[in-house]
Amino acid sequence: AYKDEKSKASRNEIYFSFCIPSSCSHEDLKQQLISLAEIINHDFNETILTIDVDKKDCQIREEYKVSTGDAVFIFIASLCIVIVIGCSIYDMITRDDDRCMPKVTGKWHDLFLCFSFPKNLKKLATKTTNEDGLECLAGVRVLSMFLIIFGHRCMFTFGSPLINPIFIEQMYSKFEAGVVLNGPMIVDTFFLVSGFLASYIILLTLRHSSNALKVGLIYVHRLIRMTPAYAIILLFYCTVYMSLGSGPFWQERIGVERNRCVETWWANLAYVNNYVNTENLCMFQSWYITCDMHYFLTVPFLVLLLKWNALYGVVLIVTIIACSILVVGTSVYLNNETPILLVYTKLLKDPVSNATFRNIYIPSHMRASPYFLGVLTGFIKYKLKHSTFKLPQWLTRTGWFLAIVVTLGTLHVGYIFYMPEFKEMTILSAVYAGFHHFTFALGIAWLIIAVSSGKGPWIDPILSWKPFVLLSRLSYSAFLCHGAVQLYTAATLREPNYASVFGTIYATFGDIVMAYTFGLMLSMFFESPIIGIEKLIFSKNKDPPPLQQDGRVTPVIKLSPIAARHTINNIKEGKPALEGQGSNNIMDTSDKHVSVDDTGDHSVDDEDKTVIVHIQES
């Protein structure tokens, strides 16, 4: 039924299961069913019923046997849990309730605190001030993550057996459904924001640092930031994930995913999985991580060029964007590919098996334009920050109007490619394929510039909402975890879904809660400790030598930021510098000069900063 209509769900396939004794094999069952089918076909004088019993879909109720891979995952997870619990207890024992006391120091102490759950959770929940107005990025990232989870929920729900397949079929004929059908475009928001932050942060680093940019350390930091959490999720997919459930679709969903990961996990960790063995892509969403890594490799050099000669840098970035647009359009035109990922039911069941997904949707050179637009946007924001130029009112209004029109227009125009009469419009397909990622991201780029410049007072409070700031720090972890949650629900399905708007939104909220809960655990037990260790290794905040002036050695005291501020206030009021910071630490500074050097890491909260206080004779 509907064999040649992509927008129609198949009505001629029926899935059902039998519970049979262990003495029977799948071949025994298959032969019995074929015999029954032959009787039916004979009565109708034609073949109307065919039977298929695949061995890989059969499951045996037996005691679970722990494999070597399972044991490795369980050992690593258990070890991390034990270490975090132990270090958390250590943190609570050694913590001083009087925050004005001098900080306890020591390499081992600092190492143990890297694994402290309370400390890492406090860092996660602390809202830092941002003078650049970029708190809005938190809302952009979180809302985009919510939409991505919603889109993947639609994929798993509508790609599974439905009681009412007509629901999804009618969506393909509704213009207003274009926002949902073009949902994959939301990923471009992440590319844009990632490119923006990469260039903007490196530009600020170059401005505030007298040293040359250490490109190697930037790459090391990126690998440490991205890879460990990614690796533990890949190990989970390859090992214990398969043993956590069952169902008629368990082998078809989880089994296939596990086999793909066992075969190609190395391509994921080498960040080449969107080019190598793509028909066996492990973790359907992992292509984004690879693209992001590829683009990031170029950013330090582009930023250095922008600092050396802004014109040359801008021209090169624009050229990269233009080349990406041209390559996509040319490929679609010459190979007669579809310009967008058409989310028909066959693709929803297994996107990795779709040629457009592998050839157009996931290769890095096909998705580069939003990221490098983000790099350019970061440079524009940097120049605006360090100039007196203010966006005039007419430009602000025009910018908002064009941003809304271009962004929503790009989303809706894609609907025409679901219409049968536009199948042969190859030139239009090529133009749209090349430009739609860029034009959609262009609207988001304006939003970032305008809101961070104070030209979006009606939306800034929403995007800068404190819960969004907290959740935005879990975006990467939630991105890694949400696919496993949704895939599990599809694999354990035992009856057809009833598709509806409310039901899909309801399920999405559950996905969001589960994804961010598991993401929090991933962050606390794996991601945050490793990032903390990296900071210990590469941090410049080492104990400074005592100051020497006129042959006199002056003492150095390391205090928390609160203690340092308290010290300065005491000095201004003519009180002992450390008064109120413990009875044993009162120091008369009436005849001494006190200077404070803030050497902390401004990317984290105040608790992670160290303030050095030099006290010397006047």
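Backbone N, Cα and C atoms are what each Cβ position is placed from, and that goes for glycine too.
Keep in mind it's a predicted model, so treat the numbers as computed, not measured.
Annotated features, as they stand in TrEMBL:
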COMPBIAS  589-603  compositional bias 'Basic and acidic residues'
DOMAIN    137-508  domain 'Acyltransferase 3'
REGION    574-608  region 'Disordered'
TRANSMEM  71-93  transmembrane segment
TRANSMEM  183-206  transmembrane segment
TRANSMEM  227-244  transmembrane segment
TRANSMEM  287-306  transmembrane segment
TRANSMEM  313-334  transmembrane segment
TRANSMEM  400-418  transmembrane segment
TRANSMEM  430-451  transmembrane segment
TRANSMEM  463-485  transmembrane segment
TRANSMEM  505-526  transmembrane segment
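Only sequence-distant pairs (6 or more apart) were considered; of these, fewer than three Cβ pairs between the transmembrane segment (430-451) and the transmembrane segment (227-244) are under 8 A, so the stretches are not in contact.
With a threshold of 8 Å between CB atoms, the same-chain residues lying at least 6 positions outside the transmembrane segment (71-93) that come near it are 112-119, 232, 235-236, 239-240, 524-526, 529. Of the Cβ pairs linking the transmembrane segment (505-526) with the transmembrane segment (287-306) and spaced 6 or more residues apart, fewer than 3 are under 8 Å, so the two regions do not touch. When averaged over the domain 'Acyltransferase 3' (137-508), pLDDT in the model lands at 92.
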